[in-house]
Amino acid sequence: MIRTVGFIGLGHMGTPMVSRLVDAGVTVRAYDVSPEAREAFAAAVPGAAVVGSAAETADGAEAVLLCLPNSAIVESVVAELDPAEDSARVIVDMSSSEPLRTRALAASLADTGRVLVDAPVSGGVSGARAGTLAVMVGGPDDVVAGLEPLLAVMGRPRHVGPVGAGHALKALNNLMSAAHLVASSEAVLVGEEFGLDPAVMLEVVNGSSGRSGSTENKWPNHILPGTYGAGFGIGLLVKDIHIALDLAASTSVPTRHAAATVALWDEALAELGPTADHTEIARWLRDQGDVANR
Ligand code: NAD
């Protein structure tokens, strides 16, 4: 198994992912552009070395893992990495990035003998802590096979195709997840106003055909208790579903439902701001009803 890695992006997801790597005996050289994030990470994961730049993470590392907000940031961070022979040859983008930009980045790295693998994740902060993330891997067979034991420390890697395939699948997954959260929120709020107990509704739905990750996890753990702390910001979710919508536009598939879902989330983002937890959409929908009824 790969024993030494660089890791860039120590936010909600990166921090618990590195924590699992360190617990598995992997040597990690970690970096984040934000001093606050570096400080919080150093306190949370004392077993990892925090270095002073993106380039330093790659020194002596077999691979550099990225868990960053978007493709533009991934491209700028990759440009900071040293293409020299003694630096990491494999770069693994675990962010939720844009599949076509990922392919273009992989092609641009090939000149320097480096390989880009996309390995975005699903399962949220709780899945990152538990090491149960779904890891959707795109890249060449031999490189992906070499990475699998490392990725298995963080979750369940599944090789889904060539580079970019993981990012495409991840965006489509989040489109489904965003639609489920809106659908379940509208339905629970309607039931509640009719007089049903939301907890009873969820209990029954979770044994019925309406269930989803939203009814099984987001509603009972983050919305009903009023904590809204899933750890996934609306700004990142809206980025993902626009990636999915762009992907859809490159096909002949009619996606009117997806377009409506994205429009609703765009509105929520404009009102709640990018750092609000995505589960706050339920509160936002409820508040809109309250306003309409006044
Ligand atoms: P986050 O905003 O908590 O963390 C991102 C980190 O990247 C921040 O600490 C930020 O300072 C750092 N960063 C930004 N620009 C940088 C740069 N130029 N150099 C170095 N560091 C830089 O985001 P997150 O919730 O951890 O999500 C990370 C990625 O994982 C995103 O692509 C997101 O869509 C995806 N994702 C998130 C979740 C979730 O539940 N939070 C789940 C699955 C996938």
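Every residue number used here counts from 1 along the chain in the order it is shown.
Quick reminder: no glycine exception, Cβ is built from N, Cα and C everywhere.
Lifted from TrEMBL, the feature list:
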DOMAIN    4-156  domain '6-phosphogluconate dehydrogenase NADP-binding'
DOMAIN    164-285  domain '3-hydroxyisobutyrate dehydrogenase-like NAD-binding'
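The domain '3-hydroxyisobutyrate dehydrogenase-like NAD-binding' (164-285): residue composition by secondary structure is 90 helix, 2 strand, 30 coil, according to DSSP. Mean predicted confidence for the domain '6-phosphogluconate dehydrogenase NADP-binding' (4-156): the pLDDT average there is 97.
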